[in-house]
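Per TrEMBL, compositional bias 'Polar residues' is recorded for 522-532. According to TrEMBL, the feature domain 'TOG' maps to 3-224, 282-514. Marked as region 'Disordered' by TrEMBL: 235-258, 503-532. The feature repeat 'HEAT' is assigned by TrEMBL to 83-121, 160-198.
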Amino acid sequence: MEEALELARAKDTKERMAGVERLHQLLEASRKSLSSSEVTSLVDVCLDLLKDNNFRVSQGALQSLDSAAVLSGEHLKLHFNALVPAVVERLGDSKQPVRDAARRLLLTLMQVSSPTIIVERAGSYAWMHKSFRVREEFARTVTSAIGLFSATELPLQRAILPPILQMLSDPNPGVRDAAISCIEEMYSQAGPQFRDELQRHHLPTMMLKDINARLEKIEPKNRLADGIPRNYSAAEVRPTSLNPKKSSPKAKSSTREVSLFGGDGDIAEKPVDPIKVYSEKELVREFEKIASTLVPEKDWSVRIAAMQRIEALVIGGAIDFPCFRGLLKQLVVPLSTQLSDRRSTIVKQACHLLSFLSQELLGDFEACAEMFIPVLFKLVVITVLVIAESADTCIKTMLRNCKVARALPRIADCAKNDRNAVLRARCCEYALLILEHWPDASEIQRSAELYEDLIKCCVADAMGEVRSIARTLYRMFARTWPERSRRLFMSFDPVIQRIINEEDGGTHRRHASPSVRERSSHFSLAPQTSASQIPGYGTSAIVAMDRTSSLPSGTSLSSGLLLSQTKPVGTGTERSLESVLHASKQKVSAIESLLKGLDISERSRSSSLDLGVD
C-alpha cells in the first residue's frame, strides 16, 4: 500500500490516476484490517486527492476511502472532523461520478458510525451550503439514509425533517424536488403518524395541503396498527424490540423476515422489564457486576438473571451510551463460558441474548458475532437437541443481522473439510444465508472465488444434505455472479449437471439477475426460431440446457450445448417421427432403470454417493 500511496502523490496526473486505481484495488482485495497508522497515511493522501483537478483521481480517492471504512471503520472515526467536510464539498463536483462516489462514502460512514451523527456533522456544512448541487445531493443522500436506517435509528428523521422543510423554500428547483422526495420517503417509512409530525412544524397552509396531496398517493411500507407491523401477528412481535440501532443496507429488510431455512431469530421468552441508567458510570458498574456474576461457580439461576439484566439494560436505552460497545466486548469471554455450560437452560438463554443483541445492534454487533460463531459451531453438533437447535438459530439470526464477512473463510473451511457431516451441512446453510442476505456487500462481492471453491467441493460431498444445500447455493451464486456461473457449472461432473438441471431448472428463468435479463434482451430482437436454438452469452448453463431438452437422456450437458450451437436452425422441424419415438423410448427406459435402482443394496448406494448421486 505504501507504493500505491507514493504513486498517488506524484506530480504527473497519469501517475496519480494509476496510484489511486492501484490503491483502490488493494483495499478492495484486502481481508485484513488496516492499522491506525495506515489509515492516517491513507486519509492524509486522499484529502489532497479530493481537491485534484482530474475528476477520476478524486473519484478514486473517494472509492478508496469507502473501502477503507469497510475494513477499519473504528480507526477512520478519528479522522471524521477533517474527512466529513471534505466529502461534503465533493457533493458539489461538476462530474456526476464524483458526486455519486461522495454520496456512497457518506452512507458507508453512517454504517460504520451512526447515521444520526454523520447527518448532523455533514449537515452543518451541507444544509446551507452556497452551492445548490451540494444542497441537492445531500438531500438525496439523507433520503437514501432514511430508506436504509430509519427503522433502526429512531432519532434520524427528527434530525433531518426541520432542514428538509426549510429546503422546500429553496430558490433552486432541483433542491426543492430533492426535499419533496425526502419527505415522501419519510412518510413511506414512518406511516400515517408522520402527518402528525408535520403539523408540529406549523407549515403554511398551502404548502401543507400540497404535501398531503402528494402523500395521499404513497402507500406506507410499514403501516402500524396498535404498534404492531401489519406483516406480523401479535404473537410474533416481542416487546423487546423497541430500541433498535444502526443497520446495514440489507439488515433493515432482513431483520424480521424468515429466511430460506426458517429459524426466525426470535426465541419465545418471557418479556423483560426495561432497566434505565442515567450515566456512563452507572452503566460501567452494571456491567462489572454482571461480568462477576457470569462465572461457572455462581448458581445457574443467578447467571440467567444476569443475562436477562443485559437485555433489560438494552431495552432501557443503554445502547445509546457511547461506551456500550466497549463494555459489551468485555462480556465476550463470560458469555462464551455460558455457551460452553452443560445445562441446556443456560445455553438457551445465552443464545437468546446473542440473538437479541444482534437484532438491536445490527452492524455494531459484527465484531462480537465473529468471536461467538466459532464457539457456537461446537454446540451445533451436540446430540442434545435443545442446545443444537438454539445454537443453530442463534448463528442464523446473527448472520441475518451482521455481515460477519471475516467469519466466511472459517465457515467455508468447515463446510469443505470438517469431519462432522452435520457441521458441514450447517456451514453450507450459513454460507448460503450470508449470500442470500448480503449479496451486494463489497466484502461478499470479493468472495466469489471462495464461494466457487466451496460449491465445487460440496456438490460432491458424501452426505446428501450437504450436496442438496450446495446445489441451492449454486443457484444463488448464479444470481449473484451470473458471468461466473456458466464456467462453474461446466466444471461439475455430468451427473451433478443433470441433477441440477432436473431440480427447479425454471428457477433461473424466473429469477434471472438484472445483468442476465439485460444481456438476454439483446437477443430478443432476433427471430424467435434462431434465438431458441442458440443460448445467449449471458444465459446460465441451466437455461441453455432447458433449450436443448430434446437431446437424448444419455447426452451430457456440455455436448448438448455444443450441438445446440452448431446444428442448423431448421433441424428441429425436420426430425422424423421415428427419431422422436426413439428418443421417447430412451427416456422411458431411463426412468424404468431409475425405479429399479431403488431396490439396490446399501453398499451400492454408498458407492453412488461418492459420485455425487442423490
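Quick reminder: no glycine exception, Cβ is built from N, Cα and C everywhere.
Keep in mind it's a predicted model, so treat the numbers as computed, not measured.
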- Predicted model, mean pLDDT over the repeat 'HEAT' (83-121): 89
- Note on the structure: Across the repeat 'HEAT' (83-121), DSSP yields 32 helix, 0 strand, 7 coil
- Note on the structure: DSSP composition of the repeat 'HEAT' (160-198), residue counts helix/strand/coil, works out to 32 helix, 0 strand, 7 coil
